[in-house]
Amino acid sequence: MEHLLSCEELEKEDIDNLMSLAFKIRETLRRGKKKFSALRGQCVVNLFFEASTRTRTSFEKAGKFLSADVINISASTSSVKKGETLIDTVKNLDMMHPDIIVLRHPCEGAGETIKPHIKASIVNAGDGCHEHPSQALLDAMTITDIKGSLDGLNVVIAGDIVHSRVARSDIILFKKLGANIFIFGPSTMMPRYPEALGVSVLKTFEEVAEITDVLIMLRIQLERLNAKKVFPSLREYSRFFGLNRKRLGMLKKDVLIMHPGPVNRGVEINNDVITADRTFIFDQVENGLAMRMAILTILSKREKKLLEEIDA
Ligand code: CP
């Protein structure tokens, strides 16, 4: 694996290797070991053109726990503010010999666009409405952890599907792992051709309740919409599509509730659902750190070294 740009290009072997290493890393972190030397001498640049809490912090921690040099750059404090282009920005950064550039950008295909211009490996940390592969990998890890595997599971992704890079990456990755994928939400937020994504559309919450093994709730991507034109309104969305206690009670007893964050409490999911036994939102964040450590390690080809440290 040279880059992580999309789930589309991940082979089953890559997914298995990432997942297996991430589980080993998570168990080692849980035992209290937080410093490894596997990436000593490597340099990771986090280049973020959009806001982030989870992805940026976990890639930073991942690099630091692995002893890489980590540099964080926000567009708002870089020369992008003075008009420098994305390609010029990364070409300049590449001359400082980074090994991995982790890029979040509002434009679909930003990572692919910079690839021919630089030598460093690229991780797509979210490109517009296109993909967020590390999120899908940590989501798959979370489901595997609780359910054993995704094979044959009915996964329902609910909410603003059309603007969600998480939805796209989850759909592509989970299908590779054998899950059946359904989508649910207001028709204004559904893709025009769901069959092109290989998903089925559910029309009512009763249909959702009957089949769902895993329910992934999504935030309305207000930053990608003209806020004045949001339809349904946030209040209507909460009323007709939000996950509350009553709707949680309609679902299977062993359903798994997830959300990539950030959560808009009281819109797509209520406070008392966030704290329910079947909700694994914060577990996703813990798995995200381990998965991002696995991604950086495998891109750096330092897997053997890290496994030696884990087993020592
Ligand atoms: N899930 C996710 O990408 O969160 P951040 O935007 O906080 O990174």
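Just so it is clear, glycine is given a Cβ too, placed from its N, Cα and C backbone atoms.
Annotated domain 'Aspartate/ornithine carbamoyltransferase carbamoyl-P binding' per TrEMBL: 3-144, in sequence order. Looking only at the domain 'Aspartate/ornithine carbamoyltransferase carbamoyl-P binding' (3-144), the predicted model's pLDDT averages out at 97.
Neighbour density for Arg104 (carbamoyl phosphate binding site): within 10 A of its CB lie 25 other CB atoms from the protein chains shown. Taken from TrEMBL, the feature carbamoyl phosphate binding site applies to Arg54, Thr55, Arg104, His132, Gln135, Gly261, Pro262.
For the recorded site, Lys82 (L-aspartate binding site), the DSSP three-state label reads helix. Taken from TrEMBL, the feature L-aspartate binding site applies to Lys82, Arg165, Arg219.
Taken from TrEMBL, the feature domain 'Aspartate/ornithine carbamoyltransferase Asp/Orn-binding' covers 151-298.
Close to ligand 1, meaning a Cβ under 6 Å from one of its atoms, is not one of the binding-site residues Lys82, Arg104, Arg165, Arg219.
On a Cα basis, Arg219 (L-aspartate binding site) lies 16 Å away from Thr55 (carbamoyl phosphate binding site). Annotation for Gln135 (carbamoyl phosphate binding site): same-chain Cβ neighbours under 8 Å, separated by at least 6 residues, are Thr55, Gly126, Arg165, Val166, Ser169, Asp170, Pro260, Gly288. Arg54 (carbamoyl phosphate binding site) sits 28 Å from Lys82 (L-aspartate binding site), taking the Cα positions as reference. Here the binding-site residues are Arg54, Lys82, His132, Arg165, Arg219, and the one whose Cβ sees the fewest other Cβ atoms within 10 Å is Lys82. Helix, strand and coil content of the domain 'Aspartate/ornithine carbamoyltransferase carbamoyl-P binding' (3-144), in residues and according to DSSP, is 67 helix, 27 strand, 48 coil.
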